[in-house]
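Notes follow once the structure below has been shown.
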Amino acid sequence: MHNKILVSSYILLVLLFSLSSFNIVVAKDGDESGNPFTPKGYVIRYWNKHVSNDLPKPWFLLNKASPLNAAQYATYTKLVADQNALSTHLQSFCSSANLMCAPDLLPSLEKHTGDIHFTTYGNKNFTNYGTNEPGIGVNTFKNYSEDASVNSFRRYGRGSPRDNKFDNYAPDGNVIDQSFNSYSTNTPGGSGQFTNYAPNTNVPDLRFTAYSDQGTGGEQEFKTYLEQGNSGGQSFKSYGKNGNGADSKFTSYGNETNVAASTFKNYGQNANGENQNFTSYSTNGNNPQNNFKNYGVGGNGPSETFTNYRDESNVGDDKFSNYVKDANAGEANFTNYGQSFNEGTDVFITYGKGGNDPHINFKTYGVNNTFKDYVKDTATFSNYHNKTSQDLASLSEVNGGKKVNNRWIEPGKFFREKMLKSGTIMPMPDIKDKMPKRSFLPRAIAAKLPFSTSKIDELKKIFHAANDSQVAKMIGDALSECERAPSPGETKQCVNSAEDMIDFATSVLGRNVVVRTTENTNGSKGNIMIGSIKGINGGKVTKSVSCHQTLYPSLLYYCHSVPKVRVYEADILDPNSKAKINHGVAICHVDTSSWGPRHGAFIALGSGPGKIEVCHWIFENDMTWATAD
């Protein structure tokens, strides 16, 4: 009996020792908690299996794996098999998986009397709020929607004469979605004021539908609206339509924005005696896009004024379709219009046609304008800048190999290879990642979700994305870019899991690979000094795979092969103290022959396609792959 107990104890000790050893091995191949059944644990094992070298693991990549724990991973893998089931658990899924999803806003039917002040609010739906509210007063929104994504104002202030003020609304937001539907409709008087609305935002989507429709008197003012915004768009549909004696003012609207789009549809249509003023609109912007359709059509005595419109911008396009058509009297004035540094395009189609004695004046306006079907007898054109081809070349092209008009290219964004020498002092651009923080989906979940433009309706249903929402636009844009045919000589793929990225990189470069990124953002937007520097693969011309983030609910990268490059690693020093502040990765494109002649690199550096190499830093959270040394 005693011997049996000893044998049993020995077996138990062996089993315990074996399990302990097993746990130690698993911890090496699992996530930081040592659990091999998490998505991150699987990605680490996948890296070990598919990458042939024993170099240190790229934790900046592996840490982008899904943060789901083992139980959550099992639950959502089961739910994704039934997309309706996943959709019903969307908010918990997005939160657990670190995705970017719009919140589901519940309608607000609350009533109030007196003046109401909203301070530091966000993610709220105002439906029927302030409807038919009597009396004179004001409702204010101050510091509203800071760092928030979605707000909806539906039938807000309908039939009420009260004033509404939005002060410092949605500042510094990322992928914000703000909608105003039937706002201040049928109002007798009252005013709306948007001051410092959505400044410094990244990819905003701002929508005003039937705003101030059938209003009487009152004034709607947008001051410092979307200033210094990046990309995104604004749409005004049926704004001020059927109004009576109302005024609208846009001052410093969209100034210093980057590739922002504005659409005005049925703006001021059939209005009586309305005044519309655009002052300093899209000034100093980079490639602003503005579209006015059915603007002021059928109005009675309208007054439309554009002053310093798209002044000093870089290219950009404006289109006016059916502008002030069938209007009775009234006037439209364009002063200092379209004086962009680099030539843009302005198209006027059916301008003032069918109107009764309209007065249309263009004073000091830019080149490359097209006027079709306008009232010649009542349109006045003065001081038209019809620049010669030589003048245009001095503005938008390279003249004599010198750098010209690089105000829209951030200092240090592009540079020559000779700058990558120890001791060089040079500017570094803003390399900070502007995208919202997200994680990869586990491959097992990503593979079961639709991912094509043909199934976009299914995706919108899963992610609760309304047809006109920013999330729906974001999904559509990403899928279209992913399905775009590759450029000549390019191999490309969109990857929404870490495993897919590993597969693509190794398919192009082989299994002996290294992935690199710039260590941090120190030195960004200032001068830096180059410290020690190393050329990857001996500094020889090589091939790499570059991966750049794309805006999507989950982390999504656009990866493509980049032939004929040289890749460098460099210590980045503070130019004053000489202390190391960063470790940067730079890539130099040796062959630029397929680049366009108006590429920002040539505007900043001079020369043209195929004549020079062009270098740039790898920005935060972007990465480049190369074969290991």
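Cβ atoms are placed via backbone N, Cα and C, with glycine included.
Taken from Swiss-Prot, the feature signal peptide covers 1-27, and the record attributes it to sequence analysis.
Summarising the annotation, Swiss-Prot assigns N-linked glycosylation site to Asn125 (among others).
According to Swiss-Prot, the feature N-linked glycosylation site maps to Asn143 (among others).
Annotation source Swiss-Prot lists N-linked glycosylation site at Asn255 (among others), citing sequence analysis.
The region 'Disordered' annotation in Swiss-Prot covers 267-305.
Annotation comment: Swiss-Prot describes 267-293 as compositional bias 'Polar residues'.
Cβ neighbours within 10 Å of Asn277 (N-linked glycosylation site), excluding its own Cβ and spanning all shown chains: 17. The N-linked glycosylation site annotation in Swiss-Prot covers Asn277 (among others) and rests on sequence analysis.
In the three-state DSSP assignment, the secondary structure recorded for Asn333 (N-linked glycosylation site) is strand. For Asn333 (N-linked glycosylation site), the same-chain residues 6+ apart in sequence whose C-beta sits under 8 angstroms from its C-beta are Glu304, Thr305, Phe306, Thr307, Ile360, Asn361, Lys363. Annotated N-linked glycosylation site per Swiss-Prot: Asn333 (among others), in sequence order.
Taken from Swiss-Prot, the feature N-linked glycosylation site applies to Asn368 (among others), supported by sequence analysis.
What Swiss-Prot lists as N-linked glycosylation site is Asn386 (among others), and the listing cites sequence analysis.
Confidence in the domain 'BURP' (414-628), given as mean pLDDT, stands at 94. Here Swiss-Prot flags 414-628 as domain 'BURP'.
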